[in-house]
Amino acid sequence: MEKPPLLDGEDGSVLAESRSDVALVSADEEGSAGAHGQEDDRPAWDSKLQYVLAQVGFSVGLGNVWRFPYLCHQNGGGAFMLLYVMLLLIIGVPLFFMELAAGQSIRQGSIGVWKHISPRLAGIGYSSCMVCFFVALYYNVIIAWSLFYMGNSFQYPLPWEQCPVDMISNQTVKECAASSPTSYFWFRKALDISDSIDQSGEFNPILTGCLLAAWAIVCLAMIKGIKSSAKVMYFSSVFPYAVLICFLIRGLMLDGAIEGIKYMFYPKLEIWGEVQVWRQAATQVFFALGLGYGSVIAYSSYNPVHNNCHRDAIMVSGINFMTSVLASLVVFVVLGFRAKNIALNCVATSTVALRRSCFSFFFSQGVEGTGLAFIAFTEAMALFPASPFWSTLFFLMLLNLGLSTMFGTMQGILTPLMDNFRVLGRHKTMLTVCSCILGFFIGLLFTQRSGNYFVTMFDDYSATLPLIIVVVFETVSVAWIYGADRFLDDVEVMLRWRPPVVYCYLWKYVCLLGMVGLLAASLLRMVFKRPTYTAWNHTTGSETSLEYPGWALVMLSTLIIVASLPVPVGYLLSFLRGGQSLPVEEGEVQPPRERYSKYNSSEPEPNNHHSPLDEDRNRPRSTFLHLGAEHYVLLPQQEDGEEEEEEEEDTGL
């Protein structure tokens, strides 16, 4: 069906705007003009490399190093990788592309983007901000741990190589003898952990100092927005790759490395029949790309409007996956070396067959998260020649991985707030400093003796369900409320070429059904399996699984509700106000809109949904127009380009 035309703009201004390269102008470049002579004070990336490093730095985080290898190990090795790649292509890349395109065109943070695309679902952006805030609170604690371990790496021998001796009895400390030197150092020296979440205890002064240092680094790096954080990205995003390559080369020379790689890639296709494996693969795809946080949208909003975000989506997703594979290779060769050393020590006088059996047993004890980074990996590095050097490199890598992700997480909070509230936008530095100070004081919760249990709670429950809910509503908003075809029309105008139509079907059906299925699986898992956490028993020197007490269940439920609540509350408020989301009456003609301009969501929205410009200002709305399908415009011809413009007659605004 042909789209009926609307009234053309005077002197072909709409066409002229769509065919021009509108550059984003930095706030400090006075005198620069945006479209039609308007000032655009939105910052911009200095180069495409800065932007790519920022997106890669945010998406490639600690999960690539200590979560993906564990999932491969526990779920069929190569078979899990194939499943992961399939879900990445049909769910991850389309959703990632959707967020990139929305942010780049509307040039706002998550609040402004979803408020503009679907006013009744404006709460999506606020939910994203809440999740980013919760994640930032505990993520910076992990950075503090990395600082603590990196500081302790500048000594020889490393403090976790041997068990300490009790000065009174002149014997090895019982807690260390019952576990291992690395476990003892982690739980007793670093965390000084209590036996359960009920036993809070006093604050850990050393970790409190490390947490303060971590927030200070984040604050200084982000105090001038992307202008300052982007420069840090040149090191923080690239350095981890150099370290991983060094570890891989060194690890391949170790005894047991080949056995470790075999464990990693050996495929077990039968695991494809297990629902749990599909849920874990989809969850890893979801979190690996940073979907729903709003950080992807925030970063892309600083791009030139004609930037090829489709290519960026494929490139960043590919880099993310290859980084996970590289990290897995490093982890498996090092753990293979560790397992072989343990097996050789325990069966030094046994047969070759028994030795292989012991190797398989120790390697099958999969570890993830902090257990991998601060226990298993540190134990293996203690066996390296020049172990302090390798330990310093490793924890410096973790520090940079964490900081890159932390910058993106904070950007997912600050950018929407500055875009949506004029007062905050005028005091960017103060907002950044106050946010970091608030984060530090709330983060003291994690530096008490039971702090590690709260980190686990926040990691398991403050982000998973709320983010899945956010992405479900994002997909519904674009694919069904705004319209996948209209969205693709707008992307075509922005990119000057039309992405494959398969994205429409992926957004409308495959991605939406996949995310709804993941949400259902996560909810059922929570309902039928009482939440538990892993506690450290100092008497036995071992870990044990405990159920959360009643007050902790209330706390984790509150985290989920608070992060998810803005979506229904925003819809209810919009519904009660009325008029904002009503369709345009048939026969009404809208004045032409200018495209690719900054949309300021802090200004009041017009009462009539079809009004394109506020009467008291000349700032136009963004490319995502509040128009019905019948209100697409056939672009006017330019005098010097009739044949070229015929190709764009059917392009959506």
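Each residue, glycine too, has its Cβ placed from N, Cα and C.
For G57, V60, N64, L401, the entry in TrEMBL reads Na(+) 1 binding site. The Na(+) 2 binding site annotation in TrEMBL covers N320. The compositional bias 'Basic and acidic residues' annotation in TrEMBL covers 606-619. The feature compositional bias 'Acidic residues' is assigned by TrEMBL to 639-653. Residues or ranges marked as region 'Disordered' by TrEMBL: 584-653. Feature annotation from TrEMBL assigns transmembrane segment to 81-102, 123-148, 206-226, 238-258, 313-337, 358-377, 389-408, 429-447, 467-484, 505-528, 548-573.
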Checklist outcome for this item: Cα of G57 (Na(+) 1 binding site) to Cα of N320 (Na(+) 2 binding site), in Å and rounded, measures 9
Checklist outcome for this item: Apart from the site residues G57, V60, N64, L401, the 8 Å Cβ neighbourhood of the Na(+) 1 centroid comprises V56, F58, S59, G61, L62, V65, S237, P240, T323, S404, T405
Next on the checklist: Given a Cβ distance threshold of under 8 angstroms, which distant residues of the chain, six or more beyond its ends, lie next to the transmembrane segment (313-337)?
Outcome noted: 52, 55-56, 59-60, 64-66, 68-69, 72-73, 81, 84-85, 88, 92-93, 96-97, 100, 241, 244-245, 247-248, 251-252, 254-261, 263-264, 288-289, 363, 372, 376-377, 380-381, 383
Next on the checklist: Suppose I define contact as three or more CB-CB distances under 8 A, residues 6 or more apart in sequence; do the transmembrane segment (467-484) and the transmembrane segment (238-258) meet it?
Outcome noted: no
Item to check | Among the ranges 81-102, 238-258, 429-447, the one whose Cβ pairs under 8 Å to the transmembrane segment (123-148) are most numerous | outcome: 429-447
Checklist entry - If you measure from the Cα of the residue listed as 'Na(+) 2 binding site', which of the binding-site residues V60, N64, L401 is the nearest? => result V60
Checklist entry - Including all protein chains shown, what's the count of other C-beta atoms within 10 A of the C-beta of L401 (Na(+) 1 binding site)? => result 29
